[in-house]
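Per TrEMBL, the features are:
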BINDING   Glu83, Gly84, Thr85, Arg113, Gln127, Glu131, Arg259, Tyr263, Tyr264  L-histidine binding site
DOMAIN    21-355  domain 'Aminoacyl-transfer RNA synthetases class-II family profile'
Amino acid sequence: MAKTIQAIRGMNDCLPTQSPLWQKLENTVKNVISAYGYNEVRMPIVEMTHLFSRAIGEVTDVVEKEMYTFEDRNGDSLTLRPEGTAGCVRAGIENGLLYNQEQRLWYIGPMFRHERPQKGRYRQFHQCGVEVFGLDGPDVDAELIMMTARLWRELGIDKHVRLELNSIGSLEARANYRSALIEFLEQHIEVLDEDCKRRMHTNPLRVLDSKNPEVQAILGDAPRLADYLDEESKQHFAGLCELLDAAGIEYTVNQRLVRGLDYYNRTVFEWITESLGSQGTVCGGGRYDGLVEQLGGKPTPAVGFAMGLERLVLMLETLELTDVRRSVDVYVVTAGEGTMMAGMKLAEQLRELVPGVRVMNHFGGGNFKKQFKRADKVGAVVALVLGENEVADSTVVLKDLAGGEQNTYAQAEVAAKIAELI
C-alpha cells in the first residue's frame, strides 16, 4: 500500500469544525479595522530574499535561522514571507502609494518561519497587519493601540490581555546606547551564553530580552535606554502616553521591550496574555520611520502592528469564547417521485428571498428518520419537508428541530416564516 501523504510539520489544516471560529475572528478583525477607514492591500506570498535581509536585518533570528529560502529556475533567491511589513512597504514604493501621500493599509494572510512547532507557534501561521504611512505624530500611534483595544473588546478578551509600551528612540540615540550597553556586557562576558555573546556586537539590544535567568540578573545594573533617548523621542512618547491616558487605556512602560526586528524606532508596543503560557504576545508593533527610505523610497514616517491569528484562536478556545453561528439554518427533506427537484427549487427561492439564510438540501436518499438525523447533525434550526402531496398542492411542512413542532404552509409563504425564525 502506498505511503500516506502528510502535511509538512508545523503547517496545519483548518478543518470544517475549526473554520467557523476562524471566520468569526477574521470577520471581527476586518470589521474593526474598516471602522477606522483603513484600506486592504494584498501582497504576494513570495518575495525577493534581499527584501527581508535589508528590512528585518541580517543578524536577526528571522533572517539567520527561520526563513524558507530557495532559488528559482532563473537563479533568483526567493523567500516565503516571514512577516508582512517589508512586503507592504515594497508594494507601496513600487506602486507609488507613498509619494507625498498618507496611506492607512491593512492585510491578512499566511506567513512562514522555520521554527520549532509548539503551542501557538507554527511554521505556517496567519497574521493580520495594519500599517500607516506619512504621519509622524503620537496621535496615529495611539489610534492603532485604540484599534487593537477595540478588537479585544469585540472578541471578549479585553480582560485577559495587557499592554506594554516603550520608546527605543531615534537611530542616533540607539547608537549611543548601543555603545554603552556593549561596554557593560563586555564587563560581564563570563555570564553571557553563546547566543548573547554572538548578539553582543551584532544586535546588542536583543540581549535585553534574553530568556536566560543569569543574563537577566545582571541586566538590572545595565544602562537604561530611557537615559539615552533624544528629546524629540521623549516628547513623542509622552504625547502617546497622554493620549492613551485620556482614552482610558491601561499600559505598563517596559524599558526592556525592544521588539525583534531591526527596523523599529521610537514607539514599540506589545499586547501580552497569560492565557497561553510561554507564548504570551498576541500582538506587537511600533514605528519604523526609516524603513521606506532604507528600501529605496523617499523618507516617510510609518507605524504599524501585526497580530497572530493562531494565537487569538487558541485564546478564544482556552477562554471558551467559541460560540459561532451555525453553518446551516434550514435543511430540506424530500421523499417521493419528483420531490428532489421541487426541494432544490424551493431552496433556491429561499436563498433569493431571505438574505443570509443558509439552506442545505439532503442528497443521497434515505427515509425521513435518516434525513432528520442528518439535519440535527449539521445544526439546522428547521427542516422543510416535501413529499409528493406537498409538491402536488404547493405546500411544505416546516418542522422546528429543537421543539419538534411542525406546521404546513403554502410554499409562497414559507420564506416570510423562515425570515421570522432565523
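Just so you know, glycine gets a Cβ as well, placed from its N, Cα and C.
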Collapsed DSSP category at Gln127 (L-histidine binding site): strand
Confidence summary for the domain 'Aminoacyl-transfer RNA synthetases class-II family profile' (21-355), mean pLDDT rounded: 89
Those binding-site residues listed as Thr85, Gln127, and which of them has the most Cβ atoms within 10 Å of its own Cβ: Thr85
Surrounding CB atoms that lie within 10 Å of the CB of Tyr264 (L-histidine binding site), all protein chains: 24
Maximal Cα-Cα distance (Å) across residues annotated as binding L-histidine, namely Glu83, Gly84, Thr85, Arg113, Gln127, Glu131, Arg259, Tyr263, Tyr264: 21
In three-state DSSP terms, the structure that Glu83 (L-histidine binding site) belongs to: coil
Chain-internal residues near Arg259 (L-histidine binding site), provided their CB is under 8 angstroms and they sit 6+ positions away: Ile168, Val268, Glu270, Gly284, Gly286
